[in-house]
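Features reported for this protein in Swiss-Prot:
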- 22-38: disulfide bond (DISULFID)
- 29-44: disulfide bond (DISULFID)
- 37-53: disulfide bond (DISULFID)
- 1-17: signal peptide (SIGNAL)
């Protein structure tokens, strides 16, 4: 289980190092290719010209 967590963490850090294209079906909302991909259960909010994921509509 710990190994899985480490792999997932490494993948997240790797993905954060470069702009994402939201190619997975359950990801969306990478406005201007400057923000991060959001899970479908989250909302996208634009802050400082970047797309960020938020659990609610306002953050």
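FYI, residue positions are counted from 1 along the chain as it appears here.
Backbone N, Cα and C atoms are what each Cβ position is placed from, and that goes for glycine too.
Everything Swiss-Prot records as a feature, shown here on the structure.
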residue : record         : DSSP class
37      : disulfide bond : coil
44      : disulfide bond : strand
53      : disulfide bond : strand
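A distance of 9 Å separates the Cα atom of residue 37 (disulfide bond) from that of residue 44 (disulfide bond).
The number of other CB atoms found within 10 A of the CB of residue 38 (disulfide bond), across every protein chain shown, is 20. Taking CA atoms as the reference points, residue 44 (disulfide bond) and residue 53 (disulfide bond) are 5 Å apart. For the pair formed by residue 53 (disulfide bond) and residue 38 (disulfide bond), distance between Cα atoms is given as 5 Å, rounded to the nearest Å.
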